[in-house]
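A.B. asks: One structure, as structure tokens, below. Some questions next.
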Amino acid sequence: MKINKLIPLLLAVVALLCFPLVLDNPYYIHLASTILIYIILLFGLDIVVGYTGQVSLGHAGLFGVGSYTAGVLFFHLGLPFYVTVPAAIVVTAIFGGLLALPALKVIGPYLAMVTLAFGTILQILINEMSFLTEGPLGIKLTKPMIFGHEASEKEFFWIAALAMLLALVVVHRILKSQLGRAFEALRDSPVACDCMGVSVYRFKVYAFVISAGFAGFAGALYSYSEKYISPNTYNNELTILFLLGIIMGGRKSRLGAILGATIIVLLPKLLDDIGLFRIVSITLATLVTLGSILAISKGITNLKKVSIPVLGTVALALFSLWLDNITDWRLSIFGVMILLVVYYLQDGIVGFFRNFYISLFGKKVEAITESVITNENYDNIISQADTADKGPNILNIESILMQFGGLKALNLVDISIKRGTVHGLIGPNGSGKSTMMNVLTGIYIPTAGDVKFENQSVVGKTSSEIALSGIARTFQNVQLFGEMTALENILVGLHHSFESNLFEVSLHLPRYLREESSARHRALGLLKFVGLESLANEEARNLPYGKQRMLEIARALALDPNLLLLDEPAAGLTAPDIKELLTVIRKIRDHGITIILIEHHMDVVMSVCDKISVLDFGEKIAEGVASEIQSNAKVIEAYLGGSPA
Ligand SMILES: Nc1ncnc2c1ncn2[C@@H]1O[C@H](COP(=O)(O)OP(=O)(O)OP(=O)(O)O)[C@@H](O)[C@H]1O
């Protein structure tokens with residue numbers, strides 16, 4: 001870590017550990033411990049909500065499982081803290097897996113309902129299983145024993161602080177590893193993620209299990225912190241509060257989780273005390289007004305856009321001065337504040353300030369710090385295709401029929417692709433070219449027929465299995481992982497080169513460090529191969545269109561494919577970009593990689609393809625070398641809609 005980041009972090013850790021010494025009040029120390037525990041939970045919840053983009057309403061239930069695992073082991077077996085907490089993590093992770101396996105087959109509102117039902121069932125189970133959980137009576141615990149005595153409130157704070165710091169390091173390492181990249185990629189483009197050999201379903205489940213582990217950790221600490229647990233705590237309101245923490249703090253941010261946990265613990269307390277509420281609402285109104293004036297003066301926003309937040313916060317401040325007693329208004333004020341934040345700060349508070357900062361000072365894209373790759377080795381960055389004893393044809397498409405209702409998008413098409421060639425697939429709009437790509441990559445399962453890649457049928461295999469077997473692709477509508485940098489996009493393609501597991505990632509063991517460093521080196525080489533090395537740390541969504549297409553090709557090459565499918569790579573490219581593309585395609589072929597090229601730019605097809613197949617209305621109407629296709633009567637008719645004459 002760089003020194004300019006390390007020093008503020010160390011200062012923050014020292015300030016955190018000194019907190020109970022400065023503010024020696026058991027009530028505030030307890031409150032701070034609760035915030036630390038919620039931070040751990042939100043770190044985990046952010047993996048599911050922020051990174052993979054799934055909605056979980058079951059995390060209060062999982063938090064309860066963690067609490068009750070620790071509570072039951074303490075109450076019935078008298079097991080110590082250092083046994084109950086790891087047990088809670090493992091048990092909750094197992095429950096998370098049980099929830100995720102069926103739940104993650106569904107998406108959107110269905111997933112929300114399934115996880116909500118799961119949370120409710122867990123609460124009911126805790127209530128009903130009195131022989132284990134003491135039912136509605138709850139379980140009493142003591143604070144953990146340290147050095148033969150029960151920890152004081154202050155000592156427990158330090159335990160919670162160390163637990164939070166441990167969780168921070170682990171979650172940060174996970175999210176910066178191949179696992180975190182897979183989570184982020186599946187949110188940005190599930191279809192591309194699957195086609196990079198990263199199974200979307202498997203990694204969604206994985207994310208859920210890890211997230212549940214964090215919920216179990218937090219739950220166990222909570223039971224010791226409160227010294228009493230009962231089923232009512234783990235209700236749906238708590239689940240909503242956790243989600244609010246992520247939304248308000250800001251997703252995909254550790255700082256967001258810290259801020260979110262602080263808000264959800266302190267906001268209800270703030271609304272208990274009229275004096276405190278007045279101070280906070282007046283400060284908020286002042287900050288929003290000054291911030292808006294600054295933003296307008298710098299031309300970042302206009303009066304119309306800031307009028308509602310400014311008027312809203314000023315009205316809240318005036319309202320706080322008018323109020324005598326806050327008790328009757330607590331819930332309404334809470335609701336209005338949430339509405340304001342959710343509506344106006346859609347990227348959460350951290351995201352808002354990040355965007356504000358970028359608008360004021362521009363974005364600083366970090367320069368590449370990795371070792372510069374020399375010219376001698378970058379050409380070898382692409383693996384030579386494996387051609388040993390595999391026959392002349394790499395792919396045999398046999399009588400493929402793809403039917404959508406009554407429409408035959410592909411009608412008994414036979415194509416053989418010769419190893420090491422560039423094979424063009426052309427045809428007018430709607431002739432079935434992209435459908436063929438989707439059949440070859442497992443996105444569609446054909447109605448009839450077979451596709452044999454390296455003499456093995458790929459029909460019925462998942463997209464990620466097909467990708468790992470050696471077929472990579474690009475997409476007609478570019479499917480990059482937009483919020484990730486160019487380098488990270490390639491690293492997702494290199495996911496198959498990692499064998500290290502969660503523990504190796506969390507502990508930064510040598511195998512993981514070796515794999516990460518070699519993957520980064522290769523990723524930079526691949527970027528250089530397509531001329532993008534200077535844009536390695538730029539977010540993919542910010543790249544010009546032509547560069548995005550090149551990045552997609554480099555990402556596909558990261559899979560070390562034997563067969564590369566390029567779906568209209570020249571679409572939307574300028575003439576110089578097309579020239580560069582042709583050079584890249586030829587270089588790829590020189591590495592023995594077979595290419596299927598779908599393209600509407602006939603000059604590209606005719607100049608680079610060894611053989612061309614032509615589709616029209618889902619049927620193959622011609623096949624041959626460029627000169628044969630150019631003079632084929634059926635092809636001319638299909639393209640021009642008339643006879644050659
Ligand atoms: N999922 C689907 N459901 C229904 N019809 C589909 C589906 N996918 C493709 N089709 C239909 O199949 C036919 C072939 O479409 P396809 O996208 O493969 O054509 P294409 O040759 O790639 O066209 P273009 O050059 O415009 O991309 C079209 O009539 C299209 O509407």
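The backbone N, Cα and C atoms fix where each Cβ goes, and this holds for glycine too.
Caution: TrEMBL annotation is automatic and unverified by curators.
These numbers come from a predicted model, not from an experiment.
Okay, these came from TrEMBL:
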type     : residues : note
TRANSMEM : 28-49    : transmembrane segment
TRANSMEM : 56-75    : transmembrane segment
TRANSMEM : 81-101   : transmembrane segment
TRANSMEM : 108-126  : transmembrane segment
TRANSMEM : 156-175  : transmembrane segment
TRANSMEM : 205-225  : transmembrane segment
TRANSMEM : 277-297  : transmembrane segment
TRANSMEM : 306-323  : transmembrane segment
TRANSMEM : 329-345  : transmembrane segment
DOMAIN   : 395-642  : domain 'ABC transporter'
A.B. asks: Mind checking which residues reach the transmembrane segment (329-345)? Cβ under 8 Å, same chain, six or more beyond either end.
C.D. replies: 244, 247-248, 267-268, 271-272, 277, 308-309, 312-313, 316, 323, 351-352
A.B. asks: Are the transmembrane segment (205-225) and the transmembrane segment (81-101) near each other by the rule of at least 3 C-beta pairs under 8 angstroms (pairs 6 or more apart)?
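C.D. replies: Result for the transmembrane segment (81-101) with the transmembrane segment (205-225) is yes.
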A.B. asks: Give me the stretch from 28-49, 56-75, 108-126 with the greatest number of Cβ pairs under 8 Å to the transmembrane segment (205-225).
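C.D. replies: Of the candidates 28-49, 56-75, 108-126, 56-75 scores highest.
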A.B. asks: Report, as numbers and ranges, which residues of the same chain sit near the transmembrane segment (156-175): CB under 8 Å and 6 or more residues beyond its ends.
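C.D. replies: Tertiary neighbours of the transmembrane segment (156-175) are 13, 16-17, 19-20, 29, 32-33, 36-37, 39-40, 43-44, 46-47, 51, 143-144, 146, 183-184, 210, 214, 217, 221, 224-225, 254, 502, 505-506, 508.
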A.B. asks: Looking only at residues six or more beyond either end of the transmembrane segment (28-49), which have a C-beta under 8 A from one in the stretch?
C.D. replies: 19-20, 55-56, 59, 63, 153-154, 156-157, 160-161, 163-164, 167-168, 171, 174-175, 183, 207-208, 210-215, 217-219, 221-222, 225, 242-243, 245-246, 249, 251-254, 256-258, 260-262, 264-266, 269
A.B. asks: In the same chain, who gets a Cβ under 8 Å from the transmembrane segment (108-126) while lying at least 6 residues past its ends?
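C.D. replies: That would be 54-62, 64-65, 68, 95, 99, 102, 133, 231, 234-236, 239.
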A.B. asks: Give the mean pLDDT for the domain 'ABC transporter' (395-642) on the 0 to 100 scale.
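C.D. replies: A mean pLDDT of 91 is what the model gives the domain 'ABC transporter' (395-642).
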